[in-house]
């Protein structure tokens, strides 16, 4: 692969990563509107499913799945949507027990570990990229950069994140930290699985649609069992901005981009590139207070963390 093409693909990963915190900020407003995290996630997934369906129609691709695909392909190619829902729900569950900082960091650790394992062993039919010492150092630099960008500012602010919830004071964190690492691993698995599904179908958009559709159906079932009904009133439309409905589109583009990139540049590099975009996007949202998010000034150590992550990506890409 030529250097220019690789830079283009990495830039794509950064862009779809930047979209993730924008989606989070949008969905937080939607959650306020519907007074339920699960319902807001269900709405977001449903809109994303419709958006991906429209993309396939515009591209004139068949919406149906070949009948023989279910018989001849491994069962795990259908798990991407379920894993996405588990990852999303896991973050909702983890936040009260770990606080905002560790809810970000623990899944990142899991993503880095699993993505490197997938590349090294070729799990989920991924192209093998041996885990060399240099690639391992690159992954560690990315992890250090994440800590610098996400955690150090909070620690310097006298551990304010520990006051996020009484549960942070009274509950042992280790099981929740392990759960966070586990959900991050599932997220990396979703990237690899959707990437392989896209190769099988010769269509990353169709793979993303299948993943989103399965996730949407799962969330509808969960909401039906837990909430029993979904009630949307006219006040939601009148009192909240129009863009609260756009989170699902950004989520769809996120899954689509991952499904396209993973088979081309590898799961590990895809996860890391998207991760840097996510952290960068989060800092932009904090700095400028986009989408009604509270303004939190970015400090130099956070920018240095981005640079450290970029150095890590360079090592992973070159070696």
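From the backbone N, Cα and C atoms, a Cβ is placed for every residue, glycine too.
Beyond the transmembrane segment (7-26), the same-chain residues lying 6 or more positions past its ends with a Cβ under 8 Å from any Cβ of the stretch are 44, 243-244, 246-247, 250-251, 253-254, 257-258, 260-261, 264-265, 269-270, 273-282, 284-285, 290-293, 313, 317. The transmembrane segment feature in TrEMBL is assigned to 7-26 (among others).
Annotation comment: TrEMBL describes 38-59 (among others) as transmembrane segment.
Counting same-chain residues at least six beyond the ends of the transmembrane segment (75-98), those with a Cβ under 8 angstroms from any Cβ of the stretch are 37-38, 41, 45, 106-107, 124, 164-165, 167-168, 171, 173, 176-177, 179-180, 182-184, 186-187, 189-190, 193-194, 196-197, 200, 207, 210-219, 222, 255. Marked as transmembrane segment by TrEMBL: 75-98 (among others).
The transmembrane segment annotation in TrEMBL covers 104-124 (among others).
For the transmembrane segment (136-156), same-chain residues at least 6 beyond its ends with a Cβ under 8 Å from one of its own Cβ atoms are 100-101, 104-105, 108-109, 112, 116, 268, 272, 275-276, 279, 282-283, 299, 301-302, 304-316, 319. TrEMBL lists 136-156 (among others) with the feature transmembrane segment.
Only residues 6 or more beyond the boundaries of the transmembrane segment (176-195), in the same chain, are considered here, and those with a CB under 8 A from a CB of the stretch are 76-77, 79-80, 83-84, 86-87, 90-91, 93-94, 97-98, 102-103, 105-115, 118, 123-124, 126, 204, 207-208, 211, 255, 258-263, 267, 270-271. The feature transmembrane segment is assigned by TrEMBL to 176-195 (among others).
Look at TrEMBL and you will find 207-225 (among others) tagged as transmembrane segment. Long-range contacts of the transmembrane segment (207-225) within the same chain, counting only residues at least 6 positions beyond its ends with a Cβ under 8 Å from a Cβ of the stretch, are 36, 38-39, 41-42, 45-46, 48-49, 52-53, 55-56, 63, 65, 78, 80-82, 84-85, 89, 190, 194-195, 197-198, 200-201, 251-252, 255-256, 259.
Annotation comment: TrEMBL describes 240-261 (among others) as transmembrane segment. Taking Cβ pairs closer than 8 Å, the transmembrane segment (240-261) reaches residues 9, 12-13, 15-17, 19-20, 22-24, 26-27, 29-30, 32-33, 43-52, 55, 80, 84, 190-191, 194-195, 197-198, 204-205, 207-208, 211-212, 270, 273-274, 291-292 in its own chain, all 6 or more past its ends.
TrEMBL lists 268-290 (among others) with the feature transmembrane segment.
Annotation comment: TrEMBL describes 296-316 (among others) as transmembrane segment.
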